[in-house]
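S.K.: The annotation region 'Pyrophosphorylase' is assigned in Swiss-Prot to 1-230 on the grounds of sequence analysis. Annotation comment: Swiss-Prot describes 9-12, 23, 73, 78-79, 140, 155, 170, 228, 333, 351, 366, 377 as UDP-N-acetyl-alpha-D-glucosamine binding site. For 103, 228, the entry in Swiss-Prot reads Mg(2+) binding site. Swiss-Prot lists 231-251 with the feature region 'Linker'. The region 'N-acetyltransferase' annotation in Swiss-Prot covers 252-457. Positions annotated as active site, proton acceptor by Swiss-Prot: 363. Residues annotated as acetyl-CoA binding site in Swiss-Prot: 386, 387, 423, 440.
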């Protein structure tokens, strides 16, 4: 098999996005557009990927580090000029080169593989990826002769009335013989209204040299959708989300209403898990088998075990074991580690907290910078007081501890195994194993005094 190379065009500023963020870095389902493109290319056994960068070059290189080499296009003088910037990396090499736009996040590896195969079968010097759409306005048209052989690409503004009725368009993705590409690029002129160097002119140069130019027509236009503004970004995200959600459903996940379920591309979900409408699963979240995630839940970069029930809760950068009940309205903040068979009830918040197996935090509890053992019961309104206004400190609770309602544990503090904290206590000192910790004022009943307070009518 001949060598394979790829050039990704990612130097355009993207002024129509009206954004401080560089265009190809706008995310589509949790990943920058250009990273979608490069990740698909990386599955094709490509020997070298060269990304042409311009505006925001450093940020693009950060996202694609280890996945691509980079060449900077200091002046944006057209697509042919952009590809020519890869001359030092690729010119003179035997093989084929894919040219793909970095703002086409829906392009799939299978389509590019089919393009490469077709290019090889036709023994072409260039093969254009084309598609057919109902309204081709604004796109370059593919002009073929009576035998179906590609003659040229005509831009919409230059097309005759007859040519404008052609519905086969240029998607902007190409496969070239590498040597022929760079030889032709040297002859591309900027003799046009915009004064730029255009890649479709390479097709004309090759045709004028009697080289074979082919066109591979793909079925779906959506893969070629270029994102140039926020409307197209929303459309690309919608199409990508549909693709992601359908893939999960094919693999045994129930999405009750896929149209209202947001799932990032790197999320993994086990079989027989049910995701209700209005759920957001972001980042590199992993969810095990037989889970239920109800409406209004958001899970970000977290690992969820099997048979977990998340009810209208938020989980961020945390780990949850098997057979755990969470919510409703619980908030697991980063670095929470919830072990098996734990109950995290309504209005419970954890942060940098380890919660041991079988422990119950039923309702209205805050546990921050805490290490909680096995089979602990923490009563309603209890708080691990971890911040003194300047520094954070840790609370350690042993196994089989009972913490009564409305208890404050003033960190740093340690409660030993099997200890009992009386309700309403403010614990400022360590409580030994098997001890009762009680720290509250003694109750004093003033007999008959209430009638002087005028609190009743």
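Each residue's number is its place along the chain shown, starting with 1.
The backbone N, Cα and C atoms fix where each Cβ goes, and this holds for glycine too.
I'm curious about the neighbourhood of these features; can you describe it?
M.R.: Non-local neighbourhood of residue 333 (UDP-N-acetyl-alpha-D-glucosamine binding site): 316, 317, 318, 349, 350, 351, 352, 368, each in the same chain, at least six residues away, with C-beta under 8 Å from its C-beta. DSSP assigns residue 333 (UDP-N-acetyl-alpha-D-glucosamine binding site) to coil, not to a helix or a strand.
For the recorded site, residue 228 (Mg(2+) binding site), the DSSP three-state label reads coil. Taking the Cβ of residue 228 (Mg(2+) binding site) as centre and 10 Å as the limit, one finds 15 other Cβ atoms among all the protein chains shown.
Residues 17, 26, 28-29, 33, 36, 105-106, 222, 225, 258, 261-265, 267, 269, 271 of the same chain lie 6 or more positions beyond the ends of the region 'Linker' (231-251) yet place their CB under 8 Å from a CB of it.
Of all Cβ atoms in the protein chains displayed, 18 besides its own lie within 10 Å of the Cβ of residue 363 (active site, proton acceptor). Reduced to three states, the DSSP call for residue 363 (active site, proton acceptor) is strand.
Other Cβ atoms within 10 Å of the Cβ of residue 423 (acetyl-CoA binding site), summed over all protein chains shown, number 16.
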S.K.: Can you tell which of 366, 387 has the most other C-beta atoms within 10 Å, given these are the binding-site residues?
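M.R.: In terms of Cβ crowding, the pick is 366.
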S.K.: Given the recorded positions 228, 363, 386, 423, find the one whose Cα is closest in space to the Cα of residue 78 (UDP-N-acetyl-alpha-D-glucosamine binding site).
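M.R.: Ranked by Cα distance from residue 78 (UDP-N-acetyl-alpha-D-glucosamine binding site), first place goes to 228.
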S.K.: Are there any residues at least 6 positions away along the chain from residue 140 (UDP-N-acetyl-alpha-D-glucosamine binding site) with a Cβ closer than 8 Å to its Cβ? List them or say none.
M.R.: 153, 154, 155, 156, 169, 170, 200
S.K.: Between the Cα atoms of residue 11 (UDP-N-acetyl-alpha-D-glucosamine binding site) and residue 440 (acetyl-CoA binding site), what distance do you get, rounded to the nearest Å?
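M.R.: Spelling it out, the Cα of residue 11 (UDP-N-acetyl-alpha-D-glucosamine binding site) and the Cα of residue 440 (acetyl-CoA binding site) are 67 Å apart.
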S.K.: To the nearest whole angstrom, state the Cα distance for the pair residue 23 (UDP-N-acetyl-alpha-D-glucosamine binding site) and residue 103 (Mg(2+) binding site).
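M.R.: Residue 23 (UDP-N-acetyl-alpha-D-glucosamine binding site) and residue 103 (Mg(2+) binding site) have their Cα atoms 8 Å apart.
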S.K.: When the Cα-Cα distance from residue 9 (UDP-N-acetyl-alpha-D-glucosamine binding site) is computed for each of the binding-site residues 103, 228, 386, 423, which gives the smallest value?
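M.R.: Comparing Cα positions, the closest of these binding-site residues turns out to be 103.
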S.K.: If you measure residue 423 (acetyl-CoA binding site) to residue 228 (Mg(2+) binding site) at Cα, how many Å is it?
M.R.: 61
